[in-house]
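What Swiss-Prot records for this protein:
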TRANSMEM  9-26  transmembrane segment
TRANSMEM  31-48  transmembrane segment
TRANSMEM  69-88  transmembrane segment
TRANSMEM  93-115  transmembrane segment
TRANSMEM  122-144  transmembrane segment
TRANSMEM  154-176  transmembrane segment
TRANSMEM  183-202  transmembrane segment
TRANSMEM  217-234  transmembrane segment
TRANSMEM  247-269  transmembrane segment
TRANSMEM  273-295  transmembrane segment
TRANSMEM  308-330  transmembrane segment
Amino acid sequence: MASLKNKHFMIGLTLTFIVALFSFLAAKLPILDKVGALTIAILIAILYRHFRGYPEQYSSGITFSSKYLLRFAIILYGLKLNIFDIIGQGSRLLAIDVGVVIFSIVMMLFVNKLLHGDKNIALLLGVGTGVCGAAAIAAVAPIFKSREKDTAISIGIIALIGTIFSLIYTAIYAIFSMTTNVYGAWSGVSLHEIAHVVLAGGFGGSDALKIALLGKLGRVFLLIPLTIVLILIMRFRSSESSSNGRISIPYFLIGFVIMALVNTYVTIPSALLNILNTVSTICLLMAMVALGLNVAFKDLKNRALKPLMTIIITSICLSSLAFIVVHWLYS
């Protein structure tokens, strides 16, 4: 019995790995490189669920990917941060980033209320839009006690919209006259995922990409204080409602902070850093596959339309406002 359980666990884990690896490699191909590995992974998983059903017998391995590998990926995500660079070179961008995070969450909740959408998904999308997309959503989902299907829907939406917006940014840069500093800063402070920032920022050249990444990593850095604030708010609400559900700091966020400090104070060989970043990406993709397998098409039809409209409106407002601020500061 135990050997059969282990076999089913390994099959479930292998399934998420194969789809993740395929998505990772497919995203390096022309055209698909614009779509992004996250979007590919989630779409394949949802389509698999639709045509083959949820592989219940292999759920232990799939759940392992959606929970533990996701948290491990977020821990390694901290290696992207160098706190000295963000606070030193990117102090002006960091100030904008604070406004971006606050605006994204508040605006998302406001639009969601007008559309009578799901508040939990709106919160996840607000944090994802303001901070760093899928990783941020996955990091705060336990704090909000979000369901896996809501987390998956939010990640799928933000991956899709972020890809579309990054392509729109490149078109705007190609058509209109814009300095590399303005374009890079605008991309960095307003696009959703690091991959989206790399896609759009890289179109403006190496100087634009450098500024874009500095702006984006400032938002990733803000995940640390943001999660602390969210935990305190949820604890306060929990005590007010006399709930016994205690909100604790997720251990993987502590690991995220430790990795950020390690990358700040310790010189890690670039070859090792590249390997760790690849491992982080694969683990994150495996988690996305596992989350995507929990989403049925009827869930998308019933729960995704209003959040999709909400994030589009919020992202347009954020991009417009961010451009005005960046143009004023960098022109």
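The backbone N, Cα and C atoms fix where each Cβ goes, glycine too.
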Please indicate, using numbers and ranges, the residues of the same chain that are 6 or more beyond the transmembrane segment (31-48) and have a C-beta under 8 Å from a C-beta there.
19-20, 22-24, 133-134, 152, 155-156, 159-160, 162-163, 166-167, 193, 195-196, 199, 281, 284-285, 288-293, 295-297, 300
Report the listed stretch (9-26, 93-115, 154-176, 217-234) having the maximum count of Cβ pairs within less than 8 Å of the transmembrane segment (183-202).
154-176
Same-chain residues at least 6 beyond the ends of the transmembrane segment (217-234) whose Cβ lies under 8 Å from its Cβ atoms
77, 80-83, 85-86, 90, 93-94, 97-98, 100-101, 127, 130-132, 135-136, 139-140, 143-144, 188-189, 194, 247-250, 253, 256-257, 260
So if I exclude everything within five residues of the ends of the transmembrane segment (247-269), which remaining residues of that chain have a CB under 8 angstroms from its CBs? That is, six or more out.
71-72, 74-84, 139, 142-143, 221, 223-224, 227-228, 231, 234-235, 238, 276
Interface check, the transmembrane segment (69-88) with the transmembrane segment (273-295), three or more C-beta pairs under 8 A:
yes
For the transmembrane segment (9-26), I need the partner stretch with the highest count of C-beta pairs below 8 angstroms, choosing only from 93-115, 122-144, 273-295, 308-330.
273-295
Compare 93-115, 154-176, 308-330 by their Cβ pairs under 8 Å to the transmembrane segment (122-144) and return the stretch that comes out on top.
93-115
